[in-house]
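Written below as structure tokens is the structure these notes are about.
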Amino acid sequence: MDGGNQSKGSEFLLLGMSESPEQQRILFWMFLSMYLVTVVGNALIILAITSDSRLHTPMYFFLVNLSFTDLFFVTNTIPKMLVNLQSQNKAIAYAGCLTQLYFLVSLVALDNLILAVMAYDRYVAICHPLHYVTAMSPGLCILLLSLCWVFSVLYGLIHTLLMTRVTFCGSRKIHYLFCEMYVLLRLACSNIHVNHTVLVATGCFIFLIPLGFMITSYARIVRAILRIPSATGKYKAFSTCASHLAVVSLFYGTLGMVYLQPLQTYSMKDSVATVMYAVVTPMMNPFIYSLKNKDMHGALGRLLQGKAFWKLT
């Protein structure tokens, strides 16, 4: 495993955040708890929305897809992480590492693009309420979501295929939780100039442009809210987009902590920030979206009451 090009039979060692058995036990139970909360929370969001016809609107259509993405996202990384924390064998096959990388990169991009589409939905709802039904038609919603998937899949494919060109020499020990782009590039002993250039170029397109779009949308939303004469009207308008704004801030805040730095300075300390966007953000999203949302409260209540009634009968 030392030296030479990476072959299909080679492996990486995912050593995680600590090699101490005591700390690994703590991390195991912590990540298991977070995973279960994430799965249950996002599954409840999906079931509540799909089972309640009153929530079959564009905003909740995109929220269902965001929850599905978060479910897939954590399932791509956490189960393998839990196995490694409980096992002496921390190896991951080269193909398995690239597969994990592909889904990680694609789903982060998909999360980001769905958030941008949700910002557009809130912009239309608040700034052009009379045209909302026609502007956010079912056909347009499906088209926007399809474009999100297409761009995300292409983004993941580009970086995964470029990674197959990289040569890995020496130690293949990854002091990290999963196969992450910057970590693998730091292990490379071949020229990664093309990888880095494409990463910056596509990152600007997939992340910075949608971020700029969201900032512009919210600037117009704030301006429209300030024009509302009553305080009650302002509060009601702001409450419809406050949860989305909180999720966007959490997502970009944690993502920026990891990737808004040169590749050369990327180190083990960034694994904490990676846990924030890879584990904590998907876990928090259901709570943020349902915390002060009366429609979600009602749908979740009806869902849970229905399940309880079904058990009794």
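Along the chain as shown, residues are numbered 1 onward.
From the backbone N, Cα and C atoms, a Cβ is placed for every residue, glycine too.
Curation plays no part in TrEMBL annotations; they are all automatic predictions.
As given in TrEMBL:
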DOMAIN    41-289  domain 'G-protein coupled receptors family 1 profile'
TRANSMEM  26-47  transmembrane segment
TRANSMEM  59-79  transmembrane segment
TRANSMEM  91-120  transmembrane segment
TRANSMEM  140-162  transmembrane segment
TRANSMEM  199-219  transmembrane segment
TRANSMEM  240-260  transmembrane segment
TRANSMEM  272-291  transmembrane segment
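Across the domain 'G-protein coupled receptors family 1 profile' (41-289), mean pLDDT in this model comes to 86.
Tertiary proximity for the transmembrane segment (240-260) is limited to same-chain residues at least six positions away from its ends with a CB under 8 Å from its CB atoms, namely 108, 111-112, 115, 118-119, 122, 125-126, 182, 203, 207, 211, 214, 218, 221, 270, 273-274, 276-277, 280-281, 284-285, 288-289, 291-293. Of the two recorded stretches, the transmembrane segment (59-79) lies close to the transmembrane segment (140-162), with three or more CB pairs under 8 Å once pairs fewer than 6 apart in sequence are set aside. Counting only same-chain residues 6+ beyond the ends of the transmembrane segment (91-120), those with a CB under 8 A from a CB of the stretch are 6-14, 59, 62-63, 65-66, 69-70, 72-73, 76-77, 80, 144-145, 147-149, 151-153, 155-157, 159-160, 163-164, 178-181, 184, 206-207, 210-211, 213-214, 217-218, 244, 247-248, 251, 255, 277-278.
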